[in-house]
Amino acid sequence: MEKTSFSHDTNKVFLIAGMQWGDEGKGKAVVTFSEKVDIVAKYNGGHNAGHEIILNGQQYKLHLIPGGVMHPHVINVLGHGMVIHLESLLKEMEILTQHGIEVLERLRISDRAHILLNAHVDIDRKMEHRRMSGGGKIGTTLRGIGPCYSTKSARTGIRMGDLLHWEHFSKKVRDFYKIHCDFENFEELAQEEVENHKKLYDIFAKCICDTGYFMSESIKAGKKILLEGSNGSLLDIDMGTYPFVTSSTTLACGAYLGLGVPLNAPIYRIGILKCYQTRVGMGPFPTEFFDDNYTHIQKDGTEIGVSTARVRRCGWLDLVAARYIQRLNCFNSIYFTKMDVLTGLKEIKICIDYRNKVDGTILERGRFPSTIASLEEYEPVYQSFAGWDQDISQISEYNELPETARKYIEFVEKEVGAHFQWVGVGQDVKSIIVRS
């Protein structure tokens, strides 16, 4: 295992991405690392994803706005790989402003990012209702993300740059409703959408720019830049647990695709891995449990979705999935989060392999089943570890952790094959252990 420790001085452009089904603790990591950067840029997703951040005892919830907004010197970029519901962006911005956090002057929105219309939300609800009646519910957040990416691929979507040419934008909105909305009053709804976006245009027009060029020039100028991924790698549209995935590229390569970062840019990649597994909504979950361990993890980990308020499903850490995601992303270092949540468990299990239920063969390490049907052919193989009772939330030195906690961390580190440089031991952004 190569040990390449991260340094703000050496690694001026770096990336943070989740290694599971989201909710790994990326928001806390972004706020921690963005204190010393000039720019934080998001490259995928929309207001379906959420970060819950606790800074100096105050709780903040972010969906569209990058975590760098918590630091007054940081420019925050929404890249062209995102789909942006401007009304939700405004609401989020207003809440931050109430807490004394200025956003607008430090916000850059890609002119190539797609606008998520209210029509996309209506389409999403109708599609999920049809799937539910057919027994094929996906568990979408019902925020229009999938339909917006769909119209992007169908080349009927509307981009931020269109908003800067008002007559052109108004026509595109009306054409969009005519093509995609089977409502009797679609013309009236289209007009409402246009009028709503006129107000939003007045607020956000000055933020819309060529962010790809901005990013390239910033890299050339030697700016310190954090690239922020939404959702988690197991939700990637191509490599995740399809169809129970999101509609964008959530892997590290998405930073190049969704921000226009030059392909020769030296990006240091940081993976965020939670010490247990969680999932929101439908989809396969091989290591899920329903016993007292669930009660402990769900309660102590506050495992409730930031965007949907849905209670998260919980399970043991899945190393089959983690090794697979590490193979795809090649993270240089990993931030291992929420170790404090495991405190009090007598026994902690880790899934180390998948075993075929019929012939007992073990799935090759680094692989992950490509379909739900093939995944169901396997069962998890567990290895057990002793737990600990000591409160670790105030510990700042690695060697002060209980020996059993260190054994757990070091086993996972060896199996994943990347340096675990940071360990999260509490909710606050300052509750972190840095390993040499």
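Each Cβ is built from the backbone N, Cα and C atoms, and glycine gets one as well.
Among the candidates T10, T140, T141, T295, the one that Swiss-Prot lists alongside D23, E24, G25, K26, N48, A49, G50, H51, R155, N231, T246, R310 as binding IMP is T141.
Cβ crowding, taken as the number of other Cβ atoms within 10 Å, peaks at H51 among the recorded positions H51, R310, R312. H51 (active site, proton donor) carries a strand DSSP state (E or B).
Ranking the binding-site residues N48, T141, N231 by how many other Cβ atoms lie within 10 angstroms of each Cβ puts T141 at the bottom.
Within 10 Å of D23 (active site, proton acceptor), judged by CA to CA distance, lie the following recorded positions from the set N48, H51, E52, R310, R312: H51, E52, R312. Note: V306 (substrate binding site) has non-local neighbours D23, G50, H51, E52, K61, H63, i.e. same-chain residues 6+ apart with C-beta under 8 A of its own C-beta.
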